[in-house]
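Student: Among the features that Swiss-Prot reports, N6-succinyllysine is placed at K27, K46, with the record citing similarity to another entry. Look at Swiss-Prot and you will find E112, D222 tagged as divalent metal cation 1 binding site. Among the features that Swiss-Prot reports, divalent metal cation 2 binding site is placed at E112, H149, H174, with the record citing similarity to another entry.
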Amino acid sequence: MSRFKFIDIGINLTDPMFRGIYRGVQKHQDDLQDVIGRAVEIGVKKFMITGGNLQDSKDALHLAQTNGMFFSTVGCHPTRCGEFEKNNPDLYLKELLNLAENNKGKVVAIGECGLDFDRLQFCPKDTQLKYFEKQFELSEQTKLPMFLHCRNSHAEFLDIMKRNRDRCVGGVVHSFDGTKEAAAALIDLDLYIGFNGCSLKTEANLEVLKSIPSEKLMIETDAPWCGVKSTHAGSKYIRTAFPTKKKWESGHCLKDRNEPCHIIQILEIMSAVRDEDPLELANTLYNNTIKVFFPGI
C-alpha cells in the first residue's frame, strides 16, 4: 500500500494507445486495466479524464462511468475549436452544456479549454479566442471549475481570463510551462497551476516551480503524453523506476508511452526542486485538488 495519495488532474485515458492502438493499427493487446492497476498501486485515488472536444468528452464520460475512481471534463481544446464552426456553434455549445449539466458527479470540470498559439496550424487565433471566451458560459451555468490550457498565449489568455473571472468558480492552468511572472498573474486571479513532465524540461521551468506557493499547485501526468525524458532538467531528481520495455510486454510500462503511475516521478521532481518533504507536498497537492474539483467530498 502506497503511503502517497494522488489525484491525476489530467489523464487522456480515452487515447487509443491505452488500448494498444497506434495510428489506427493494433500493435499490442488492450492493457488499460494494467495501466490503472500500476497507478493505483503507487497511490492514485482519482483520475480526471480529459475531454478535448464534444465526442471526446462523451467518450471520457462513458469511460468515467465504468469506475468509481474515474471522473471527466467536458469542453473543447483550443486546437479543435474549429469544430464549433463546422457545426452549428450554438448547438455545439448546447450539447457540451447538456453533457456537463446532466452528469454532475462524474463531470468535475469544464475543459480542456484555453489558447494554444504554438499550434495555429490546427486552429486560427481568432477562432481560438472566440470559443475560449464562449466556454465560460458552460462554467457559469454549471458552476463547475475550469481545466485550462495556455501555450505561448499568456497575454491574450490573461485578458480573457480577467474579463470573465467572475463567471467561473475557479480552475487550474494545466501543463504549465510559462514564466514566473505568468504564474504570479494566474495566482493573482486565484487560479491553480498544474505540473507534468512537459512543465519540467528546463532549469528555467524548475525555477518557476520553486516560485509558486504549494497551496496553488496541482499534479498530473497528461499521459500518454508529456512523460519526463532523460534530457529534461527534472529527470535527475527521479528516484522511482518502473520495469519498462521498448516492445510491449505484459506487466511492463512501454518506453515511449507515459502512464499515470509516473505521477510519483513528477512528485519526486517537484519535492526535490522545492526542497519539501514528498509526503507533505503530496498531501497538499491532493487537498488542493479536492478543494477545487471535489468540494462535496
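Any Cβ shown, glycine's included, is placed from N, Cα and C.
Fair warning: this is a prediction, and the values are worked out from it, not measured in the lab.
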Student: Counting only other Cβ atoms and using a 10 Å cut-off, which of the modified residues K27, K46 scores lowest?
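Tutor: Among the modified residues K27, K46, the lowest count of other Cβ atoms within 10 Å belongs to K27.
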Student: Same chain only, sequence gap of 6 or more: which residues have a CB within under 8 Å of the CB of D222 (divalent metal cation 1 binding site)?
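Tutor: The answer is G10, I11, N12, H174, S175, N196, G197, C198, N258.
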Student: With H, G and I counted as helix, E and B as strand and the rest as coil, say where DSSP puts H174 (divalent metal cation 2 binding site).
Tutor: coil
Student: Whole-number Å only: compute the distance from the Cα of E112 (divalent metal cation 1 binding site) to the Cα of K46 (N6-succinyllysine).
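Tutor: With the alpha carbons as reference points, the distance is 18 Å.
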Student: Does H149 (divalent metal cation 2 binding site) have same-chain partners at least 6 apart in sequence with Cβ under 8 Å from its own Cβ, and which are they?
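Tutor: Set apart from H149 (divalent metal cation 2 binding site) by at least 6 residues yet with Cβ under 8 Å, we have H77, P78, G111, E112, C113, G114, L115, D116, V173, H174, S175.
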Student: Sorry to bug you, but what's the C-alpha spacing from K27 (N6-succinyllysine) to K46 (N6-succinyllysine), rounded to the closest Å?
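Tutor: One finds 28 Å between the Cα atoms of these residues.
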Student: Once E112, H149, H174 are set aside, which residues in the chain still have Cβ within 8 Å of the Cβ centroid of the divalent metal cation 2 site?
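Tutor: Neighbours within 8 Å of the Cβ centroid, excluding E112, H149, H174: G10, T50, H77, G111, C113, G114, F147, L148, C150, V173, S175, G194.
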Student: Around H174 (divalent metal cation 2 binding site), how many other C-beta atoms are within 10 angstroms of its C-beta?
Tutor: 28
Student: Take the Cβ of E112 (divalent metal cation 1 binding site) and count every other Cβ within 10 Å, whichever protein chain it belongs to.
Tutor: 30
